[in-house]
Amino acid sequence: MDRVIVFFILFGIVYFLESIGGFYMTSAVVYIEKQFQIPSRLAGTMVSAGDFAYIPVVVFTSYFGGKGNRARWIGGGCILIAIANLMISSSNFVFPVEEFHLDGNNVPTALAYETARLQNRSEVVTFEKFLEKVDPKGELQAAYAGQKLPKLHFSSPFSKYQLLCFYEEKNTVCKRITELLSPLVSVGEELMAGKRTPKPNALKEKSSAGPFITIFTGLLILGVGRTMPFSLGLPLMDDNVKKKNLPVYFAGMFFVKILGPIIGLLVGSGLNRVYVNFDPPQGLSPLDPAWIGCWWLGFFIFGILLLFPSIALFLFPSGTLSEEEEAAEAKAAENGTGPKKRRLNLVDKHVRKRSDGKAFMPETVEDKVRDFFKTIYSVLKSPIYTGSLIGRILDVFAFKGFFVFLGKYMEIQFGIPQHRIQQSMAVSGVVGFAIGVGTGAFAMRYWKLQGRKAAGWVGVCSLVAACLSFLNAGVGCNSVLGDIGKQSILNNNTFPMCRPDCVCDTMPLYPSVYYRNP
């Protein structure tokens, strides 16, 4: 098989796997926070570790990698990415946390014992009858009539007097009601004792530092490795593909760049349906906030799949021929006995080369530094490049943090499980990419946009996207959980009506605990 074809097959595989693994962290960060008790402020710093390494290293990679064997540089970078994925995955085993035990037997048994004592025809004692026994003289009613309270709509009489007792703590009747209701509160606390995880603070102090450092270091290495496939792959493709075929190759490369994150989100959605240790506690499901998906398995799979083609790319033979091979090839071409083989230009064809075909490199350190800054300055002088660079920076500012914490926000705000959130993000990514490509291709072809007009079209589209992003502010800050909590405060967790077919007397109530990461 042609050496050029083999190279592009290997490069396509590693580039696709790198694109998948690069966005998979978005689907895993929420579960990493839960498993290792890492606060969100540290999780944001941890996720940014890849960018901390990528930004300064990519400049040196582009300069020195372009003057060397780019296949070896790309292979070495992908090996670093594979090692980083395996390193992140290993934190699940190197730093095991105490298993989450959900004591689901104690609570239902205790509740079943209490419900078994209820009669089939239980009569509901209203709060008014209860109040007549506690306050036969009507002192509380008189106090409520003379109290200036906020004009609110109360769904039950109990919630009305609950608000009064909130302002009148020293009222004797309120104290009497509290004394009568306190045993019921203690029973609830005893039932909840079997559901609690012991010493959460000690567990947090013990388990968060090590995993944070390990994952942060792995993401730093991953950021260094990610500089090589994209920054060296595009110029290498430009040097080895015919100009008429170049748009097709570039389109395929950018298609992989977009498809990779979508596949990463879908893989994350599937793996997050599986519990972190493959053995979930009885009664725990992916809909439960305490659920921790199998996030580490994705990093392990991507690391193993990426390692072997990266090694093959790192060991890819150089495109330069020896003197004997060049003489034999020239002789065969002159005699017409064989066609001239197509070579793979692994060294940037735009740099100065020596007689042996290798790139010219300054000998002293001072000359290398001077040549490096000279090259950077020549690039920055281009207004098109500088404008594109500034626009890209602002673009990343807009969506980087938004996509990283979008899953956590939607879970807390709307109670949507993580695997459904990742599916929605993947579908919206496919639809948005398809609409953008179709609209852009039609506009460029219909109006024949080139140069400044094409840049203006990009600017208009970016402005429209920025304006539409303000629609997110209209979602509001009141979550479903928050609204229920506000209503429960006023109603004391009671509601004015009950469905007649709910069979409330025989239905035990299961309390739940919700942990919210700061």
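In case you wondered, yes, glycine gets a Cβ from its N, Cα and C as well.
Keep in mind that TrEMBL annotations are predicted by a computer and have not been checked by a curator.
As annotated by TrEMBL, transmembrane segment applies to 7-32 (among others).
Within the same chain, residues 25, 29, 38, 73, 77, 212, 215-217, 219-224, 226-228, 231-232, 235, 347-348, 351, 359, 372, 375-376, 400-401, 404-405 sit at least 6 positions outside the transmembrane segment (44-66) and bring their C-beta atoms closer than 8 Å to a C-beta of that stretch. Annotation comment: TrEMBL describes 44-66 (among others) as transmembrane segment.
What TrEMBL records for 73-95 (among others) is transmembrane segment. Outside the transmembrane segment (73-95) by six or more residues, the chain places 11, 14, 17-18, 21, 35-36, 61, 65, 207, 210-211, 214-215, 217-222, 224-229, 232-233, 236, 276, 295-297, 299-300, 302-304, 306-307, 309-316 with a CB less than 8 A from a CB of the stretch.
Annotation source TrEMBL lists transmembrane segment at 208-225 (among others).
Here TrEMBL flags 246-270 (among others) as transmembrane segment.
Annotation source TrEMBL lists transmembrane segment at 290-316 (among others). Only residues 6 or more beyond the boundaries of the transmembrane segment (290-316), in the same chain, are considered here, and those with a CB under 8 A from a CB of the stretch are 7, 10-11, 13-14, 17-18, 20-21, 24, 27-28, 31-32, 34-35, 71-72, 74-76, 78-79, 81-86, 88-89, 91-93, 100, 102, 264, 267-268, 271-276, 278, 280, 284, 417-419, 513, 515.
As annotated by TrEMBL, transmembrane segment applies to 384-406 (among others). Distant neighbours of the transmembrane segment (384-406): 25-26, 29, 40, 44, 47, 51, 421, 425, 455, 462, 466, 469; these residues of the same chain sit at least 6 beyond its ends, with a Cβ under 8 Å from one of its Cβ atoms.
For the transmembrane segment (426-447), the residues of the chain that approach it from at least six positions outside its boundaries are 258, 261-262, 265-266, 269, 453-454, 457, 461, judged by C-beta separation under 8 angstroms. Annotated transmembrane segment per TrEMBL: 426-447 (among others), in sequence order.
Residues 384, 387, 391, 395, 398, 436, 440, 443-444, 447 of the same chain sit 6 or more residues outside the transmembrane segment (454-471) yet have a Cβ under 8 Å from a Cβ within it. Marked as transmembrane segment by TrEMBL: 454-471 (among others).
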